[in-house]
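Colleague: The feature N-acetylmethionine is assigned by Swiss-Prot to 1, with a large-scale study or a structure entry given as support. Per Swiss-Prot, the feature GTP binding site maps to 24-31, 75-79, 134-137.
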């Protein structure tokens, strides 16, 4: 009887889990975005001081609950030598958030090259991609049209998948909630990558 009730409880209350990769060059604001996401969606999470965030070497993990979905974020280091590790996580993921530093015009071509490798990977075929033009709170930042123009060569390589380019300021939190909610809709309806299985035994 206990097993039946335990299974029913899990079925009723356990959330479907989706793994989301947060990718982009170093200093794009990936970890700040992750912290803002946790602060906005987790009521009891106080968050770390954004000024204390340093360059990620390896992996940061965070979890956010949105409705009946649980998003498990994997924030991967963006330095060139760490980008070769990104594809180790592709098979497990349900969505990609690609963060661009829209104040760093000098590295835009480098960011585009890294993005191209992501969207052309067969392991990510059909996986939704949210492109965040971060640091939009800075007056001298590139606009969304500027970034879309710079990345226009990638349009044909995105393939048949949900893809959105959105303005964001991870520092102020602007655009964070909207981006996460868009991603949730996409991963939930993507039948090609079902959520992690519930354990209802």
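In case you wondered, yes, glycine gets a Cβ from its N, Cα and C as well.
Owing to the predicted nature of the structure, the values given are computational and were not obtained by experimental measurement.
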Colleague: Just name the most isolated of the binding-site residues 27, 79, 136, going by other Cβ atoms within 10 Å of its Cβ.
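Modeller: Result for the binding-site residues 27, 79, 136: minimum number of other Cβ atoms within 10 Å at 79.
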Colleague: Which residue, out of the binding-site residues 24, 30, 76, shows the minimum number of other Cβ atoms inside 10 Å of its Cβ in this structure?
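Modeller: If we count Cβ atoms within 10 Å for the binding-site residues 24, 30, 76, the smallest count is at 76.
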